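A short worksheet on the structure shown next.
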Amino acid sequence: MVRLFLVILKLLLILISAGWISLWLLKPTEVWTRKWKGAEDKATATVFGYNGLDFAVYTFPIIALAIIGFIYLELKPKEPKMRPGRSSITALSSPLIINRYLGILSGIEILASSLFIIFLAWTFYARISNDFRKMTPVKSFKLTPWQYKMYRMATRCGLLAEACLALLLLPILRGMSIFRLLGIQFEASVSYHICLGTAMIFFATLHGTGTLFIWGIKHRIQDEMWKWQKTGRIYLAGEIALITGLVIWITALPQIRRKWFQTFYYTHHLYIVFLVFFLFHGGDRHFYMVFPGVFLFALDKLLRIIQSRPETCILSARVFPSKAIELTLPNDPRLKYTPTSVIFLKVPSISKFQWHPFSITSSSSVNEQAISIIIKCEGQWTSSLYNQIHAEKDSESDLRKCIPIAIEGPYGPTSLHFLRYDHLLLVAGGIGLTPFLSILQEIGSKLNNGRNRYPAQIQFIYTVKNSQEICLLDPILPQLLDIEQFHIKLKVFVTRENQPSTSLREVLRDLPDMQIINFSTTCSSYATHGPQNLPWMAAIAMFSSIIFLLLLSFFNHFIVPPSKKPSRPKNSTSLIDLLLICSFFIAVVFSALVVVIIKWKRLRQEFPLFSDKQSQSMKQSSHEVNRALDEHEIHFGGRPNFQDIFSNFKNECGGSEIGVLVCGPETMKKNVASACKLNSQVPGMNSRKTNFCFHSLNFTL
């Protein structure tokens with residue numbers, strides 16, 4: 001019964017997606033324009049007015065995808081039932097282009113990007129060809145034919161920016177993300193957000209500069225650019241939106257974001273100004289096209305704010321000799337998360353606004369009461385946290401002060417996708433090993449529980465600059481010590497040191513001791529609860545949509561005078577735009593209040609934090625090793641040769657599916673992707689050939 005229901009939900013998702021895409025393809029055509037004007041005229045006389053029609057056709061399909069998708073993900077099996085076959089989909093997901101500037105692109109990404117570019121070209125061509133065919137110069141400007149053509153091209157570039165804006169916010173949704181339906185997680189989809197934002201600013205700049213150029217030729221800049229007319233396009237609002245968008249884009253460039261993170265962080269919140277003035281510039285009818293992303297993003301943002309309240313605290317910290325710290329945080333035993341999940345952390349004593357993502361190194365299958373993360377001291381924020389914790393090392397009391405923190409997440413994959421493969425090849429560089437710590441602990445828990453769904457062989461390649469960083473392997477020492485049961489082989493490469501004839505056991509033995517610092521929990525009695533479950537997400541999205549539509553219809557019928565109601569789709573008024581903003585704000589806030597009530601009822605059944613004695617018993621010393629570590633390899637003075645590693649591992653595994661997971665510097669990822677591409681065979685040619693399936697884990701935002 002559940003399987004049949006999943007099939008029905010999947011068909012609905014496909015049909016809604018196909019309908020929404022078809023809508024965008026038909027919208028530039030003259031046939032759609034004529035039919036839509038007639039439909040709006042008929043809808044104006046109904047209870048919901050033309051607003052209801054625009055919302056139902058342009059906005060609700062994406063919200064419906066989120067609602068149905070949440071239910072589908074909730075019912076979908078969490079563990080794969082069979083190994084993946086060698087199909088065309090597997091081939092498309094493998095690296096196809098590896099470039100210095102473009103990065104690593106799979107066949108699916110290239111196909112999706114190509115289709116989107118074709119769609120933009122089609123939209124531009126359909127609009128421009130229709131404009132050129134009519135050739136109706138603007139009377140007030142008295143434009144020549146070439147000036148009119150340039151003016152219309154600049155105008156149509158604004159529609160291309162609108163198409164990019166419609167998708168811009170969808171990739172950066174966390175809790176309300178519909179990208180999870182495609183198996184794309186938040187950290188990976190940030191790159192899509194960056195590309196869409198760049199394209200949007202490019203087309204918006206062409207739109208603005210082209211229009212200003214024509215105004216300049218006709219000496220109308222002073223007359224036109226300051227207009228805030230009652231109906232139609234508000235040019236001043238468009239100019240403010242463009243300037244705001246440029247400020248956001250410039251401060252988000254990697255060179256500025258990495259050097260002045262606070263500047264990037266605070267200016268990025270100008271998106272509120274940008275969206276409001278875009279609404280005033282384009283009008284409510286154009287805004288309904290981009291409204292799905294704005295609607296879901298606002299819900300997602302408010303739910304995340306609610307989730308991070310109340311604050312919790314740090315239970316303990318382990319200080320590594322490599323200037324890294326492992327934090328242990330309280331977790332609600334009811335909260336289950338998958339390996340490679342991410343949490344966002346805020347420490348109010350350092351900054352009351354900054355959130356930073358960290359991959360979880362623990363497994364809820366191993367320990368239900370705590371979440372662990374490892375933080376490497378690399379930037380200003382992490383250095384401040386490291387210094388604050390390191391200062392407690394010399395404290396004479398056994399229990400140090402309480403450090404309150406706020407947590408968002410965990411956010412992660414909906415299933416244990418790495419269990420699909422016959423064999424695993426894990427490649428980590430430096431602090432990039434953190435997601436693999438949770439993966440290996442999860443596999444270890446399944447082995448201990450007698451489950452047979454785990455890879456037959458695992459090879460772990462770990463590259464570090466100096467030997468002190470090897471201490472970060474401590475959480476997975478049980479797996480490394482029991483090679484026969486876990487079938488794991490570790491190869492460590494220390495690139496900046498030379499110590500010939502030294503074993504991994506000897507290196508670990510010579511490392512300085514790690515110190516565990518236990519903190520007080522008097523400042524908070526709450527654990528990490530995680531985001532709302534998926535069925536509740538679906539209910540909240542549906543509830544908010546209904547409230548918004550009812551409010552907008554009410555305002556339009558009882559506040560907007562009949563004389564001010566626009567009669568044609570090209571007309572818009574600031575009053576109607578303000579009513580849309582008010583309806584949206586009230587609907588989202590009202591839904592958030594409902595969530596707050598539900599959450600506080602849940603907090604009444606709070607599980608107590610585990611004691612400091614328990615937190616100490618969870619830890620083990622990195623010196624609890626034996627000669628089993630000699631079975632693993634350690635190499636000094638060079639980087640791994642991935643071509644040789646892949647070839648040897650392929651010979652050991654025979655004809656099978658090998659999952660390749662890599663997390664580390666971009667150069668390493670590209671080298672691993674190249675090795676995957678060269679060593680994978682064409683699917684379907686020979687069933688005994690080995691196939692490498694590449695997966696990049698990226699937690700650098």
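Residue numbering: from 1, along the chain as shown.
From the backbone N, Cα and C atoms, a Cβ is placed for every residue, glycine too.
Caution: TrEMBL annotation is automatic and unverified by curators.
What TrEMBL records for 298-417 is domain 'FAD-binding FR-type'. Taken from TrEMBL, the feature transmembrane segment applies to 7-26, 55-73, 101-125, 153-173, 194-214, 234-252, 264-280, 534-555, 575-598.
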>> Using a Cβ cut-off under 8 Å, which residues of the same chain at least 6 positions beyond either end of the transmembrane segment (575-598) come close to it?
In response: 51, 276, 279-280, 283-284, 287, 294-295, 298-299, 302-303, 306, 532, 536, 540, 543-545, 547-548, 551-552, 555-556, 559-560, 564-566
>> Take the C-beta pairs under 8 A between the transmembrane segment (153-173) and each of 55-73, 101-125, 194-214, 234-252, 534-555. Which stretch has the highest count?
In response: 194-214
> Can you name the far-off residues of the same chain, 6+ from the ends of the transmembrane segment (194-214), with a Cβ under 8 Å from a Cβ of it?
Replying inline: 141, 143, 147, 150-151, 153-155, 157-158, 160-161, 164-165, 167-168, 171, 221, 225, 238-239, 241-242, 245-246, 248-249, 252
> In the domain 'FAD-binding FR-type' (298-417), how many residues does DSSP call helix, how many strand, and how many coil?
Replying inline: 22 helix, 41 strand, 57 coil
>> Below 8 angstroms Cβ to Cβ, which residues of this chain, lying six or more residues outside the transmembrane segment (534-555), approach it?
In response: 47-49, 51-52, 55, 60, 63, 66-68, 70-71, 73-74, 175-176, 295-296, 299, 303, 579-580, 582-584, 586-588, 590-591, 594-595, 598
> Where among 7-26, 55-73, 234-252, 264-280 do we find the most Cβ pairs under 8 Å to the transmembrane segment (101-125)?
Replying inline: 7-26
> Which bits of the chain, at least 6 residues beyond where the transmembrane segment (234-252) starts or stops, bring a Cβ under 8 A of a Cβ in it?
Replying inline: 194, 197-198, 200-201, 204-205, 207-208, 224-228, 260, 263-264, 267-268, 270-271, 273-274, 277-278, 280-282, 574
> In the same chain, which residue numbers or ranges, 6 or more beyond the ends of the transmembrane segment (55-73), come under 8 angstroms Cβ to Cβ?
Replying inline: 6, 9-10, 12-13, 16-17, 19-20, 23, 170, 176, 178, 180-181, 288-289, 291-293, 295-296, 414, 534-535, 537-538, 541-542, 545, 548-549, 552
> Apart from its near flanks, which chain residues at least 6 from the ends of the transmembrane segment (264-280) lie with a Cβ under 8 angstroms of it?
Replying inline: 165, 234, 237-238, 240-241, 244-245, 247-248, 251-252, 256-257, 287, 290, 294, 353-354, 574, 577, 580-581
>> Within the domain 'FAD-binding FR-type' (298-417), what mean pLDDT does the predicted structure show?
In response: 86
